[in-house]
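Comments concern the structure below.
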Amino acid sequence: MSVACKKRLKNEKLLVCAILVQLALGCAFTLFVEYGNESNGAYVGNSYHGVHLGVQEKKSGKNSLPNSYYMFQDVHLMMFIGFGYLLMLMKNSDRRSITLYFLVVAISLQWGTLCYGFFRTVKGKIYLDIDSLLNADFACAGVLISCAAVSEFVTPLQLMFMALLEIAFSSTNKWIGSVVFQASDIGSSMFIHAFGAYFGLAVSFILYRRTAYCVNRQSSRKNEANDPIRSTFSASIGTMFLWILWPSFNACLAKGDAEQFRAIINTYYSLSASCVTAFAVSSLVANCFMCAENSSRQKFNMDVFQNSTLVGGVVIGTSADMMINIWGAMIIGGLAGAGSVFIDRFSAKHIIDRVSGIRDAWRVNTLHGMPGILAGLIGAVVSAAATKEDYGFSLYRQFPARSPLNSSSEFLKIEYYNLRIDPGVERTASQQAGYQIAALVVTLVIAIVGGLGTGTVLLLPFFRQPVLSEEDDSQSDLSLAVDQLLLSDKNATVENVVTTEPAATMTENPSTIC
């Protein structure tokens with residue numbers, strides 16, 4: 001079969017799978033999804049068949065929408081521009097990368113809405129509200145974090161199915177952590193950042209050791225080397241938008257106005273402190289941050305600095321709406337920014353690549369993985385120190401399981417003041433901290449086990465297709481050679497399969513070529 005025919009079959013397979021997935025999602029929305037009370041025109045609380053009830057208040061010139069609706073705009077923009085620029089950079093910043101990015105995001109948003117809604121159905125229906133949209137964006141963020149770990153050696157078809165499987169795992173994990181354990185993770189540092197990082201790294205562990213998509217990886221490195229200015233510019237724009245919009249990301253799911261504003265303040269100053277310390281420590285460990293003597297060293301420092309400026313937003317996420325004080329947020333962010341530079345500078349990346357067999361070219365572990373774990377530990381410590389003297393009655397909104405029993409005198413006070421707090425199980429502060437740790441451990445277990453299982457699924461022959469370049473067919477023989485290697489379990493070299501000139505340059509074992 002000719003290369004053109006193989007390329008056409010590959011594209012048609014992706015096209016057919018995408019259409020089938022969209023049809024399945026459309027049918028699921030038709031059967032299970034309904035408008036929520038906020039968007040239903042027939043709901044009495046909003047209007048009755050289009051006629052608003054009650055006396056119309058005089059307009060004050062200020063929009064009456066809750067803060068979450070405005071934060072949704074920031075979070076949605078963060079998905080498409082913040083993470084978007086980074087993902088486009090990973091896939092060579094061409095038109096194909098934009099198409100792939102929109103495909104992954106569009107499917108993730110729809111599937112995330114369904115998976116999140118399945119755990120909160122009412123009479124078999126999923127009623128959409130602003131939290132449904134925000135959690136769909138959060139699920140999409142986890143997928144994009146995982147994409148950074150596997151971007152060098154996956155096909156678009158693999159990426160699409162990885163997104164479907166990951167969201168199913170992450171939604172289950174979030175239900176266990178937030179509903180069963182009732183752990184507090186307002187910025188989803190555990191449920192999104194740590195989960196997405198280690199899920200992606202687990203998939204990378206399977207694919208990197210068992211596949212040899214060397215053509216696409218070499219092409220990616222070549223294009224990046226030929227245009228470093230565009231790569232740096234794209235990464236800088238992505239980092240800038242993530243930095244600006246991160247306070248809304250951490251605060252949008254907070255339950256009260258005080259909690260939302262506190263999450264914004266803590267994230268704001270944590271990011272600022274991490275940026276300053278990252279710059280200072282980067283200059284310290286590299287002697288000169290803007291060193292022009294060694295271009296590779298300069299590029300490495302720029303990547304580390306950009307990642308470290310964002311670590312403050314991740315590490316503060318779990319405790320963003322807690323009473324950690326402004327100076328506490330600055331200390332957490334400052335130490336996180338400095339620690340990220342040191343960890344990334346002193347062989348952490350080499351340990352992951354060489355010892356564990358995981359390729360982490362985009363530093364997912366140091367930006368999302370380890371900061372997510374640290375955020376969970378900080379959240380446990382802060383929750384263990386939470387007292388009613390510091391929080392007042394909002395302590396029971398912050399930690400619902402610590403709310404008093406329905407028959408207690410404390411809950412009668414809550415009902416008297418009409419605070420809209422549900423009864424709990426009267427957990428102590430130490431018990432709440434224990435459940436925070438349990439939620440972190442379960443998150444890591446589900447992420448790693450789910451990632452290993454997903455990587456194994458992606459190794460099936462249905463997905464084993466090297467990405468053929470549309471602009472350059474000179475690598476076709478090498479692509480066919482790699483395809484034959486993937487379908488065989490032998491440790492033969494590429495030379496033994498094909499003897500054309502392009503393949504002759506690759507004489508190493510296929511498991512260590514890239």
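Here the Cβ of each residue, glycine as well, is placed from N, Cα and C on the backbone.
Where the annotation comes from TrEMBL, it is an automatic prediction and has not been curated.
Predicted, not measured: the structure shown is a model, and the values here were computed from it.
Annotation comment: TrEMBL describes 60-459 as domain 'Ammonium transporter AmtB-like'.
Positions annotated as transmembrane segment by TrEMBL: 69-88 (among others).
Residues or ranges marked as transmembrane segment in TrEMBL: 100-119 (among others).
What TrEMBL records for 190-208 (among others) is transmembrane segment.
Marked as transmembrane segment by TrEMBL: 229-249 (among others).
Taken from TrEMBL, the feature transmembrane segment applies to 269-292 (among others).
Summarising the annotation, TrEMBL assigns transmembrane segment to 364-386 (among others). Tertiary neighbourhood of the transmembrane segment (364-386): same-chain residues 145-146, 148-149, 183-185, 187, 189-190, 192-198, 200-201, 307, 310-311, 314-319, 322-324, 332, 336, 340, 343-344, 348-349, 352, 395, 398-399, 402, 429-430, 432-434, 436-437, 439-440, 443-444, selected by CB-CB distance under 8 Å and a gap of 6+ residues from either end.
Nonlocal intrachain contacts for the transmembrane segment (437-460), taken as residues 6+ away from its ends with a CB within less than 8 angstroms of a stretch CB, comprise 146, 154, 158, 161-162, 165-166, 169, 172-173, 176-178, 181, 183, 185, 190-191, 194-207, 210-211, 373, 376-377, 380. Annotated transmembrane segment per TrEMBL: 437-460 (among others), in sequence order.
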(message) Can you give me the average pLDDT across the domain 'Ammonium transporter AmtB-like' (60-459), rounded to a whole number?
(response) 81
